[in-house]
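Per TrEMBL, the features are as follows:
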{"type": "DISULFID", "residues": "Cys248-Cys288", "note": "disulfide bond"}
{"type": "DISULFID", "residues": "Cys388-Cys402", "note": "disulfide bond"}
{"type": "DISULFID", "residues": "Cys422-Cys679", "note": "disulfide bond"}
{"type": "DISULFID", "residues": "Cys465-Cys477", "note": "disulfide bond"}
{"type": "DISULFID", "residues": "Cys479-Cys488", "note": "disulfide bond"}
{"type": "DISULFID", "residues": "Cys490-Cys504", "note": "disulfide bond"}
{"type": "DISULFID", "residues": "Cys526-Cys541", "note": "disulfide bond"}
{"type": "DISULFID", "residues": "Cys569-Cys578", "note": "disulfide bond"}
{"type": "DISULFID", "residues": "Cys580-Cys587", "note": "disulfide bond"}
{"type": "DISULFID", "residues": "Cys608-Cys618", "note": "disulfide bond"}
{"type": "DISULFID", "residues": "Cys628-Cys637", "note": "disulfide bond"}
{"type": "DISULFID", "residues": "Cys634-Cys710", "note": "disulfide bond"}
{"type": "DOMAIN", "residues": "628-715", "note": "domain 'Integrin beta subunit tail'"}
{"type": "DOMAIN", "residues": "739-785", "note": "domain 'Integrin beta subunit cytoplasmic'"}
{"type": "TRANSMEM", "residues": "716-738", "note": "transmembrane segment"}
Amino acid sequence: MNAVIIFILSFLQWLGVIHCFIDIFMLNSQAVTAVISTVQQEFLKQGEPTSARCDELESLRKRGCDKIENPHGSQRILKNKAVTNRKKGAEKLRPEDITQIQPQKLSLNLRSGEPQNIKLKFKRAEDYPIDLYYLMDLSYSMKDDLENVKNLGTSLMKEMSKITSDFRIGFGSFVEKTVMPYISTTPAKLLNPCTGDQNCTSPFSYKNVLKLTSNGEQFNSLVGKQQISGNLDSPEGGFDAIMQVAVCGEHIGWRNVTRLMVFSTDAGFHFAGDGKLGGIVLPNDGKCHLENNVYTMSHYYDYPSIAHLVQKLSENNIQTIFAVTEEFQPVYKELKNLIPKSAVGTLSANSSNVINLIVDAYNSLSSEVILENSKLPEGVTITYQSRCKNGVVNEGENGRKCSNISIGDEVSFNINITAQGCSKQVKPESIKIKPLGFTEEVEILLNFICECECHKHGIKNSDMCHNGNGTFECGACRCNKGRVGRQCECRKDEVSTEDLDKNCRKDNGTDICSNNGECVCGTCECKKRDNPEERYSGKFCECDNFNCDRSNNKLCGGHGRCECRVCICDANYTGSACDCSLDASTCLASNKQICNGRGICECGTCRCTDPKFQGPTCEICPTCPGVCTEHKSCVQCRAFGTGEKKDTCERDCSYFNLIKVKDRDKLPQPVQAFPLMHCKERDANDCWFYYTYAVNNTEKEVHVVEALECPAGPDIIPIVAGVVTGIVLIGLALLLIWKLLMIIHDRREFAKFEKEKMNAKWDTGENPIYKSAVTTVINPKYEGK
């Protein structure tokens, strides 16, 4: 059982919980005894295990612990050399004297779950040294390219002098593995793999032609002596060459400065697994195998994989520039995405643009800084935030990098390192952070806080631990081997005896420690709950502090504490769940009467005895006269945005819940549960609106018909039409009457004329001067037939 308790204590410490302990450093032995006794009685309740001393901060304070050890993480800078402020033409510095990242070494004390923030500063130094190694494909298709590269040394030296005064250049070449089917192994082809009268050198895998040097003339001289070779297949063995350039630092001559490798080819590449075609099955070992500057194990080891190359290039801080022809641009751009701090440039057919390509690629690579870290210890996490030029802030994976950095620009990185537990290693662990492509790095030593400080001041074989059977530390006994119990009073072989178990059964029952704990040395050690606020206690673990009555879903109504399943209420509260307030101030009405004289105050709440009155103080009467007029203005402004209080509506009229309904039939009807008043009011436009006012418990509700009922206005169109029609009809009627009168008048006149005509006496004699208008002529020839 002792081992179980120690395991629990260790586990809680691993989680980063704090420890309640007794400060014994300045006390003599007698004083210690008194303090220990007092604190044990006040802090740990009967039945609570010793592990209950480890808990969260607030929980310990609530339980009355006033001596708490709560260690926090910290950090210390061990090396903090300022970044170099150097300008071109100034005094020449050794590469190791140039600093671009600050600080260089730190020590962190990590508390589980508590992040430590460190700030790194990076500044690109001006006139920083550069090593450039030119690795060229010397297969037959690169014949015209070799002619242009022969004068590359002095030309590139001249161009790079604009960037740095400390520049070195080297040269290497590659073709292919010297086995079938990559090359022809016939004796003649091994001597001269080219056809016809072409004079080519024997095929080889990789040669280190020139170690890094500042002598451009030597570069031109040695490269000028190189000859083209040949192979059978199109992909080349460039990966073998890249691996050797990366790992053979002494042969190449790499310094701890900016390292560039230019990989020039007009073909694709072989990678891991392709060696099987030549019977090569051993994976590349990633080691240097140069003898007399020639790679001697190409026939023995397979090509390296891309991941293997990425690892070695990163370890050796080499930035790669792929100078390839237009045809293979897509292939090498995909490769660039897999290799950090690499670039791709388009090589002309004869490599005439190689200098511009190198300068452009270098400027592109050096304008971006990307941080990477070594493998993290188990349980440790790291996050980055970058603060770049122009106030740009990046987080997440982008927080590792800053782009468009010019020489002399300074950027910073905020790095959070968090431990989620203690390391299994006893010694401090370390991680390294460095910018890709740079040799400088930041070393961070990690120390894990896995126990409290009081453990270091324990008293071995203390009398407090049953005659010296344990170490008294942090206010509790840590028993010696073979001893168990809160005070190490029992031997392990005594723990499970029947006689001791009897002392753990309440009322001689069958349940040991009420099934809420274990019997240790005849004393119940109660179980711990998942929730640290919940605890079992009591001699038989029969008590707890979480099974008391609840009110409003709160233990003891939030107005008391639970002890042994009974609520101990705070002052002015009573009841089994402490939900009954004895304070009558909440029942005082505005007239200073208890419940307005119309009710009884029970548990801080008014119970109204007059059914007409409602509300928390029995002052609301929804059915009393004047209710509709009282709330008219507020209903009007909230429902329709009009009325006397439309400007102060939000301030004065937020005391009720407004619910709109479509028509009067939807308004609620009176029920016995709570009084309800139907109201009908008229606004300034003579429009009627209908609503109900009710108080449901303490909630005031108003239901209002959303549409106003206004008197209908005159219909203009029918009126105008009627007037026009009336005018027309009247006009027609007048015309008809006039016409009728005219007809009557004419008839009368005609009748009068006829009468006068009949009464007239005229002379009927013929007029003597009258001549007939008819002349009769007889045809003499007419015979009358």
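Counting starts with 1 at the first residue shown.
Using N, Cα and C of the backbone, Cβ positions are placed for all residues, glycine too.
Every protein chain shown contributes to the tally, and the Cβ of Cys248 (disulfide bond) ends up with 21 other Cβ atoms within 10 Å. Nearest in space to Cys402 (disulfide bond), taking C-alpha to C-alpha distance over the disulfide-bonded residues Cys587, Cys634, Cys679, is Cys634. Restricting the disulfide-bonded residues Cys479, Cys541, Cys569, Cys580, Cys608, Cys628 to those with a CA within 10 Å of the CA of Cys465 (disulfide bond) leaves Cys479, listed by sequence position. Neighbour list (Cys388 (disulfide bond), Cβ cut-off 8 Å, at least 6 residues apart, same chain): Asn394, Cys402, Ser403, Asn404, Ile405, Val411. When the alpha carbons of Cys288 (disulfide bond) and Cys504 (disulfide bond) are compared, the span between them is 72 angstrom. If you take the Cα of Cys608 (disulfide bond) and the Cα of Cys569 (disulfide bond), they are about 27 angstrom apart, rounded to a whole number.
Across the disulfide-bonded residues listed here (Cys477, Cys569), the residue whose Cβ sits among the most other Cβ atoms within 10 Å is Cys477. Here the Cβ of Cys402 (disulfide bond) has 24 other Cβ atoms within 10 Å, regardless of which shown protein chain they belong to. In this structure, Cys628 is the one among the disulfide-bonded residues Cys526, Cys628 with the smallest number of other Cβ atoms inside 10 Å of its Cβ.
All chains included, 23 other C-beta atoms sit within 10 angstroms of the C-beta of Cys504 (disulfide bond). Cys490 (disulfide bond) and Cys710 (disulfide bond) have their C-alpha atoms 94 Å apart, to the nearest angstrom. Mapped onto DSSP classes, the domain 'Integrin beta subunit tail' (628-715) shows 20 helix, 29 strand, 39 coil. A simple Cβ count within 10 Å picks out one of the disulfide-bonded residues Cys288, Cys541, Cys634, Cys679 as the most packed, and that one is Cys541. Each residue in the domain 'Integrin beta subunit tail' (628-715) has a pLDDT score, and their mean in this model is 82.
Neighbour density for Cys488 (disulfide bond): within 10 A of its CB lie 25 other CB atoms from the protein chains shown. Between Cys634 (disulfide bond) and Cys618 (disulfide bond), the C-alpha separation comes to 22 Å. Within the same chain, the residues at least 6 positions away from Cys618 (disulfide bond) whose Cβ sits under 8 Å from its Cβ are Ala589, Cys595, Asn596, Gly597, Arg598, Gly599, Cys606, Cys608, Asp610, listed in sequence order. For Cys637 (disulfide bond), the spatially nearest entry among the disulfide-bonded residues Cys569, Cys578, Cys679 is Cys679, judged by CA separation.
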